[in-house]
Amino acid sequence: MNSAAVPQAKPNLMMPVAALTLFAVASGLLMSALALSLAPQGLPASLASWLASAYFAGLLLGAMNIEPVVRALGHRQALALFLALLLASVSLLPLMVSEPVWLLSRLLAGFASAGVFVVVESWLLLSGNARQRPRRLALYMTALYGGNAVGQASLQWLDSASLVPMGAAMALLLLALLLPLLTRPPVPRLATHHKLGFKALKRLHRPAVVGCVVAGMVLGPLYGLMPLYLELRPGGSGYTGLWMASLILGGMLVQPLLTSLMAQWRHTLLLALFCLLGGVAALLLSLATTTVGVAVSLLMLGMAAFALYPITVVMACQGQAAFRIVSITELMLLCFSLGSVVGPLVSDWGPNGLMALPVFFALLFGVTGVYLMLQPQDSAERWLTEPPTEL
């Protein structure tokens, strides 16, 4: 299928990045507030892992259904639609405090978040050429993780046991929604979108697909269970927000570094090295006995965990035509979502349950790092120099 780009004005990325940042701050607030508010609201602590999996199940459903919406509405209107749906889902939380309603709310939130991710990610990737994609993706990740860090840190000044953080998140999402409703920046438009089926995963670079699934298996528990683990950890009460901010700060700091690293290093090797860094950081977290030691371990863990997804997306989009980008980002989000659904459930198993979370990360990072190191170098190099273009 061929496609011609519709002539458009010079891209203005301020609006989607600003909307993403506000969305990320709201998500950062909810990330810890939901887990910490369970007991005060009379809900069981075991619901935390199910809320995380419900969110990522929604993300999975969204990843399979976003492309037709973008094709029909365009990037700006699709962004407004998904932000409105997300705002509605968060509004359910303080109105009806019950397990089924909260699970449904997180399912809807995951679906809407998938829309925000695919719309903004493809918007940035389509607004530049192949050489600009790592830089644009770094901008996307910095806005996302920077906003998450601000949201986590602001939890220190809010009563996490109350519904106040949810109200603050709703206000931020309303501001984010106003941006696409009140502004009309130039948007990337294509005469034709190319829909890719699940079989296309076989033709994407295998380390990219594996790395994306692992990224989901790591970030799912990080978002859904890590706040509760830190709160229950000896000496953790009162430091959860700052420690989570340290985790996400690591993810934000690594993004500008990735731009230069991806231009100089083999992507498969780079993935392997970040996995090994994550394994070491997880082991250090399990051994840390001081507040600073935990913060440094989480900073390193954040650098490793949040580096995986952008590397895999760039690998998957390498050499692909512009009209395939939306569908490729959708497929990669699908892989990420599959891992995100499984991760919180698997990591909470075992005799030690939640308190063995660092061990789960160490094993997952270690096994994945070894697998990536064993991938043939010549195959990976051919991918970087002569990537397949027909899916």
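Every residue, even glycine, has its Cβ placed from backbone N, Cα and C.
Unlike curated records, TrEMBL annotations are generated automatically.
The transmembrane segment annotation in TrEMBL covers 47-66 (among others).
The annotation transmembrane segment is assigned in TrEMBL to 78-97 (among others).
What TrEMBL records for 103-125 (among others) is transmembrane segment.
Under the heading transmembrane segment, TrEMBL lists 137-157 (among others).
Counting same-chain residues at least six beyond the ends of the transmembrane segment (163-183), those with a Cβ under 8 angstroms from any Cβ of the stretch are 15, 18-20, 22-23, 25-27, 29-30, 33, 37, 41, 76-77, 79-80, 83-84, 86-87, 90-91, 93-94, 151, 154-155. What TrEMBL lists as transmembrane segment is 163-183 (among others).
The feature transmembrane segment is assigned by TrEMBL to 204-226 (among others). Within its own chain, the transmembrane segment (204-226) has Cβ neighbours under 8 Å at 31, 35, 48-49, 51-53, 55-56, 244, 247, 267-268, 271, 275, 278, 301, 305-306, 308-309, 311-313, 315-316, 318, 328, 331-332, 335-344, 346-348, 354, 357, 360-361, 364-365, 368, 371-372, 375, 380, 383, 387, 391, counting only residues six or more beyond its boundaries.
Residues or ranges marked as transmembrane segment in TrEMBL: 238-258 (among others). For the transmembrane segment (238-258), same-chain residues at least 6 beyond its ends with a Cβ under 8 Å from one of its own Cβ atoms are 28, 31-32, 36, 134, 138, 141-142, 145-146, 148-150, 152-156, 160, 222, 226-227, 230-231, 291, 294-296, 298-307, 310-311.
Here TrEMBL flags 270-288 (among others) as transmembrane segment. Below 8 angstroms of C-beta separation, residues 207, 211, 214, 218, 261-262, 294, 296-298, 300-301, 303-305, 307-308, 311-312, 358-359, 361-363, 365-366, 368-369, 372-373 of the same chain, each at least six residues beyond the ends of the transmembrane segment (270-288), sit close to that stretch.
Outside the transmembrane segment (294-314), and at least 6 residues removed from its termini, the chain residues within Cβ reach (under 8 Å) are 121, 133-134, 137-138, 140-141, 145, 207-209, 211-212, 214-215, 218-219, 222, 230, 233, 236, 239, 242-244, 246-255, 258, 262, 267, 270-271, 274-275, 277-278, 280-282, 284-285, 288, 329, 332, 336, 361, 365. According to TrEMBL, the transmembrane segment annotation covers 294-314 (among others).
Per TrEMBL, the feature transmembrane segment maps to 321-342 (among others).
Residues or ranges marked as transmembrane segment by TrEMBL: 354-374 (among others).
Same-chain residues lying 6 or more positions outside the transmembrane segment (103-125) and placing a CB less than 8 Å from one of its CB atoms are 13, 16-17, 19-20, 23, 27, 34, 47, 50-52, 54-63, 66-67, 69-70, 75, 78-79, 81-83, 85-86, 88-90, 92-93, 133, 136-137, 139-140, 187-188, 313, 317, 325-326, 329-330, 333, 337. Through the fold, the transmembrane segment (47-66) approaches residues 34-35, 38, 78, 99, 102-104, 106-115, 118-119, 216, 220-221, 223-225, 228, 330-331, 333-334, 336-338, 340-341, 343-345, 348 of its own chain, all at least 6 residues removed from its boundaries and within a Cβ separation under 8 Å.
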